[in-house]
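Colleague: The following block contains the structure, expressed as structure tokens.
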Amino acid sequence: MQPRWAQGATMWLGVLLTLLLCSSLEGQENSFTINSVDMKSLPDWTVQNGKNLTLQCFADVSTTSHVKPQHQMLFYKDDVLFYNISSMKSTESYFIPEVRIYDSGTYKCTVIVNNKEKTTAEYQVLVEGVPSPRVTLDKKEAIQGGIVRVNCSVPEEKAPIHFTIEKLELNEKMVKLKREKNSRDQNFVILEFPVEEQDRVLSFRCQARIISGIHMQTSESTKSELVTVTESFSTPKFHISPTGMIMEGAQLHIKCTIQVTHLAQEFPEIIIQKDKAIVAHNRHGNKAVYSVMAMVEHSGNYTCKVESSRISKVSSIVVNITELFSKPELESSFTHLDQGERLNLSCSIPGAPPANFTIQKEDTIVSQTQDFTKIASKSDSGTYICTAGIDKVVKKSNTVQIVVCEMLSQPRISYDAQFEVIKGQTIEVRCESISGTLPISYQLLKTSKVLENSTKNSNDPAVFKDNPTEDVEYQCVADNCHSHAKMLSEVLRVKVIAPVDEVQISILSSKVVESGEDIVLQCAVNEGSGPITYKFYREKEGKPFYQMTSNATQAFWTKQKASKEQEGEYYCTAFNRANHASSVPRSKILTVRVILAPWKKGLIAVVIIGVIIALLIIAAKCYFLRKAKAKQMPVEMSRPAVPLLNSNNEKMSDPNMEANSHYGHNDDVRNHAMKPINDNKEPLNSDVQYTEVQVSSAESHKDLGKKDTETVYSEVRKAVPDAVESRYSRTEGSLDGT
């Protein structure tokens, strides 16, 4: 059995669950709406740097429940959530202590209630002013040529920050050096500034600039502490020995000294210059010395420079040297001599003081007196100089360049004759003189005209290039410094081979040739060097029917007493050794026709006409003979002759009927007809002649009843010999013979 307190606890637990369930059911039935949301900034949307800023978000929510709903408020800066809170209050705040430039931006607030949300408009927070930067230095004392490191920072702000640091001289407004740097990751920069020679007391000024949105915020300038500058070394000083007037021959000492401070880490370099030439220098001490025997050329301006990595100090002095004697002068009567002429050299000093003279050619002494004379040869060309000495002072004269010119030998001219020269081909003509002083000027003459010039400073031949198109003559002209006239070479004759060009074929007579006449074909070339090989071809024949080689520019082929066989198309080719075998020039096609001669045509016509006339005569003769024969054979046809006809198996037709009988044709039975005796014989191949005859019949025919006169036609046929002539007759008058 459970205790009583346990039973009571169980009861209250059930009541609590019931209330929670009812509350949950009631919440599901309530309705919510967000009327409006708003946002404010205290004290304002624009605030001074370092002040406090409070952002407030307001939410006006309506509900059917008597209990305010719980909602979320979200704070955004530049669309980035930075604060989120759940609350049943209508207002929530976000506090920003000591606002800075980086707090500037676009802010908004979003309220969410049961999956419903509403966002305020965007508000711009602008923080004005940049805190003054802090400036610190790595040292308060510096030496010339050293470095000062300046640290400029804005601890309150965030990067990026743009810093400007200026180097100032105390009590001077002008900025000696200005440097700028943009720090993207840190709110400070460290810059190095050199300490220069003119610097004494320095200070540094720093300024910071920060970009906020589209606005640039600039801080006030902050000055650093003062930096005292000390010299690392002093200005150099000159010491000249001997003092006073310095005469040539004395020993000259020029010394430059400095003082170096204890702060310097190393010695600077000391340099002594005469004009721009360095005459002495030292890197490991506080002085540099230049020692030399004094000569007048040592007079001039001397400069001493003391240089470290960043500092340079300079001082100058002028040194004058008194001349002991003037510079000697070397003279020559001629500087250009022909080989074999006399060379004269003379050395002198203005004022003619006694001195020791020496004349030298390059490094060789040729005379130890003032004068030098000899017959010039090629080896005497060179540079001569004279030296004059008094005590320890030795001076050199000016130099004299002597050129002894050797006469040129006759130039040789040649060309590469290994191959024949073809028209248009480039050839190299060489000109060379074996002996003679350089330089040598060469000229190449082509048919007595200057083609090209060349100057050679060596013994190599001059090479000229040309492209001859015909036989040509070359000559070489050589010249140098010698007074002799120009030298001419022998004449070089170059034979140029011209390739065959433009082959033409022609016939000397008309293209129409009468048979029996000669055909003469000409193959000619426009240009070409001999010997030239000519070949004559007939079209469609691979081999030439005639060929010849000649030095002439034309060749002929003759066919005597041409016939019809020579009719056709012809062409020719021509080439010489300058033509390539693959491209032999060829002529065009020439067509030749062969016709009969007029007298032959006349003879044939006469023969044909004679034959025709003979045939006509024979035909006429036969005709007249037959006609005469026919007239000489009258025949009288009478009745007693009828049996004869009947004996020949011929029948007579009705005398009252007219009948025409044709050879080889049988008329109607009613007609009178006569047939040959032998029907098996061939028909007569004679002409038919009709003869009118008078016939008297011996007896009357029993069937003839008429008694009138009729004309009897007799058909006479010419038969083979011994053939029977048939007669057809009709009688006139009475049939009884009266």
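Every residue, even glycine, has its Cβ placed from backbone N, Cα and C.
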Colleague: Tell me which residue from Ser183, Ser563, Ser734 Swiss-Prot records as phosphoserine.
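Modeller: Annotated as phosphoserine in Swiss-Prot: Ser734.
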Colleague: Look up Tyr102, Tyr302, Tyr537, Tyr713 in Swiss-Prot and give me whichever carries the note phosphotyrosine.
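Modeller: My reading of Swiss-Prot gives Tyr713.
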Colleague: Looking at 124-129, 256-261, 544-549, 688-693, which one does Swiss-Prot call motif 'ITIM motif 1'?
Modeller: 688-693
Colleague: Name the residue from Cys431, Cys523 that Swiss-Prot records as disulfide-bonded to Cys476.
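Modeller: Of the listed candidates, Swiss-Prot names Cys431 as the partner.
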Colleague: So Cys109 is in a disulfide according to Swiss-Prot. Which of these is its partner: Cys57, Cys152?
Modeller: Cys57
Colleague: Choosing among Cys481, Cys572, which residue does Swiss-Prot name as bonded to Cys523 by a disulfide?
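Modeller: Cross-referencing Swiss-Prot, the cysteine bonded to Cys523 turns out to be Cys572.
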Colleague: How long is the line from the C-alpha of Cys304 (disulfide bond) to the C-alpha of Cys476 (disulfide bond), rounded to the nearest angstrom?
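Modeller: With the alpha carbons as reference points, the distance is 64 Å.
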Colleague: How many whole Å apart are the CA atoms of Asn453 (N-linked glycosylation site) and Cys476 (disulfide bond)?
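Modeller: About 10 Å separate the Cα atoms of these two residues.
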Colleague: At a 10 Å cut-off from the C-beta of Cys523 (disulfide bond), count the other C-beta atoms across all protein chains.
Modeller: 28
Colleague: In the domain 'Ig-like C2-type 6' (499-591), how many residues does DSSP put in helix, strand and coil?
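Modeller: Helix/strand/coil tally for the domain 'Ig-like C2-type 6' (499-591): 3 helix, 48 strand, 42 coil.
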Colleague: If you skip the near sequence neighbours and keep only those at least six away, which residues in the chain come within under 8 angstroms of Cys347 (disulfide bond), Cβ to Cβ?
Modeller: Pro328, Glu329, Leu330, Glu331, Phe357, Ile359, Gln370, Asp371, Cys386, Ala388, Ser397
Colleague: Determine, to the nearest whole angstrom, how far the Cα atom of Asn84 (N-linked glycosylation site) is from the Cα atom of Cys476 (disulfide bond).
Modeller: 107
